[in-house]
Every structure is written in structure tokens, then in C-alpha cells.
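Annotated features, as they stand in Swiss-Prot:
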- K65: active site, proton acceptor (ACT_SITE)
- S14, K15, S16, T61, N86, D102, Y215: shikimate binding site (BINDING)
- G126, A127, G128, G129, A130, N149, R150, T151, F152, S153, R154, M213, G238: NADP(+) binding site (BINDING)
Amino acid sequence: MDKYAVWGNPIAQSKSPQLHRYFAKQTRQNLDYVAILGDEEKFEQQLSDFFAQGAKGCNITAPFKERAFKLAQQHSKRCLSAESCNTLKKLADGTLFADNTDGAGLVSDLQRLNWLKPNQRILILGAGGATKGVLLPLLQAQQNILITNRTFSRAEDLAHKFNQFGTIEALDLKHIPIQTFDLIINATSTGLQGKTIDINPQILQLASAVYDMQYSKESDTPFIALCKKQGVTKISDGFGMLVGQAAHAFYLWRGVMPEIDPLFSGNEIKI
């Protein structure tokens, strides 16, 4: 049986094992997928041992995405632009191929929601790894991107790095123009600490739609709660992105794209 896993620290909260087992059953693929707690000091050796024991691939989550990127011998274009990976595949020659399916997962979810049309103005909150992982696919989807961040220089650096791929610019968080954005995406990690980014509430009130990359099964994320308080009605959390990135990783490994619609049409599985 082919072996796969997701690596992270912490890892107990990961929904990847449930998703990939569901995909395997749906597509009749014979595989085993588990969650593994990575050791921050020994991660590289752990991963090397994992593949030496015959594993076919794995997913990578925080805090190991950049370290896994450096271990791979080959990389997809979107992975190179992100400078981090969330998916590794062992090739026939024994080398590791790295991909980053986060952006593909986001784009596929925005398409599912019918929120993605050419030449929209999308404001992204945050200039960290989560943003870097989705910029290329969004720009390839002909979106006009504006990035804002608590540290403006980080937003400027990202805009400069990605302007070769499309229309992108940085905005000072304290001086975002009061105007309607087609979509606001929260890519900050503030929600993990129960906080929200310090943004002018008028910006949220005028937004056509808002999307939080974070996902919480138990309750609204802090960002979504804030948006609801400001009267925003067109809102989505990151569950669909989670499902989408997993589906694209599964396709990379197995050559078959799982059907994800059943996950949004009822409680077919517990995620």
C-alpha cells in the first residue's frame, strides 16, 4: 500500500488525513495517509527517513514549508515563486518534486463560489508566506492585486517580486483608500491568536465579498466575526481552500482529480 502523510508541528488539528482518505475511497486508490508530528530540530532527517522507507509523497504544513522547499531537487513554477512547498512527490529516479497547491486551492474555491471574474480588484491583508503562496495563481487568473501589511516594506517587497506576473501594488495599511474592493482576502495569521488585523472598518463595509484563509469548524474566525459585525454578508472561510489544495495535491500524486462538490452539499464526511 502506497504511503503518504502530512508533516507539521502542531499537527493534531490537521484535516488532511480525513480528506485524503475520503479522496482515496472515492477514486478507488489504495493508499495510507497519516499525520506526523515533525521535530523542529530533526525534521530534515525525519523526512529523509520517511522517503527512504518507501513513501510516495507528503503534505507539509507550518512550520516546515520553507525547509521542505529546500530539500527538493525539482520545483513547480508556483512553488518557486512561493519559495515554500506544501506538497512533495517522490519521482521514479528517487528525487523529490516540490509543489505549492495553496494558490490553486484558493482559486478553485473562488471559482466554486463564483467570486472570480477577470480584472477584479482584490485586496490581500498580510504579506507573509500565506500570501506569497497564492499570488502567482491569482495573477494568472487575471486579478489586480493590492497587498497591505502591518509592516509596509514587506508588502512593497512582495509587490516588487511579483510585478513581472501581473498587476500588483502595495498599500499602506493606515492609508488604504475608502473604496469598494471586489474581494478582500485575509491572509494574516492573527486569527490564530484570536485577534484581527487593524483595518479601517469602512474598508470592510464597502467590500463586495470577503474571504478568510483561516478555517474554524466550531465558530466564526475572528476576521469573519469582525466582517459580520460591519454588515458584510458575502463571506467565506478557508474550508474550500483547504479542500481544494488537498485535491490538487492528490492529483499530483495519483493522476486523478477527486470530486470535491459532495463536501459542500451536505455532511457526507466529518471534517
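Even glycines carry a Cβ here, placed using N, Cα and C.
Since we're looking at a predicted model, the values are computed, not measured.
Here the features listed in Swiss-Prot are placed on the structure.
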| residue | record | Cβ within 10 Å |
| --- | --- | --- |
| S14 | shikimate binding site | 17 |
| K15 | shikimate binding site | 18 |
| S16 | shikimate binding site | 24 |
| T61 | shikimate binding site | 19 |
| K65 | active site, proton acceptor | 25 |
| D102 | shikimate binding site | 32 |
| A130 | NADP(+) binding site | 23 |
| F152 | NADP(+) binding site | 17 |
| Y215 | shikimate binding site | 18 |
| G238 | NADP(+) binding site | 26 |
Taking the Cβ of G128 (NADP(+) binding site) as reference, which residues of that chain separated by at least 6 in sequence fall under 8 Å from it?
N149, R154, A187, T188, S189
For S16 (shikimate binding site), the one of A130, F152, G238 that lies nearest, given that the binding-site residues are compared by Cα:
G238
Among G126, A127, G128, G129, A130, N149, R150, T151, F152, S153, R154, M213, G238, the record's NADP(+) binders - longest CA distance, Å:
27
When distances run from the Cα of T61 (shikimate binding site) to each of the binding-site residues G126, A130, F152, G238, the nearest one:
A130
Let me know how many other Cβ atoms fall within 10 Å of the Cβ of N86 (shikimate binding site).
28
What residues, ordered by sequence, lie under 8 A Cβ-to-Cβ from G126 (NADP(+) binding site) and sit at least six positions away in the same chain?
I147, N149, N186, A187, T188, S189, I197
Are there any residues at least 6 positions away along the chain from R150 (NADP(+) binding site) with a Cβ closer than 8 Å to its Cβ? List them or say none.
L173, I197, D198
Taking the centroid of the Cβ atoms of S14, K15, S16, T61, N86, D102, Y215 as the shikimate site, which other residues of that chain lie with their Cβ within 8 Å of it, listed in sequence order?
V6, G8, N59, L242, Q245, A246
Shortest C-alpha distance to D102 (shikimate binding site) - which of the recorded positions K65, A130, G238:
A130
Just give me the nearest neighbour of G238 (NADP(+) binding site) among the recorded positions S14, K15, K65, N86, Y215, Cα to Cα.
Y215
Cα-Cα, whole number of Å: S14 (shikimate binding site) versus the residue listed as 'active site, proton acceptor'?
15
Collapsed DSSP category at G128 (NADP(+) binding site):
coil
Please name which of the recorded positions listed here, K15, K65, N86, Y215, is nearest in space to F152 (NADP(+) binding site), Cα against Cα.
K65
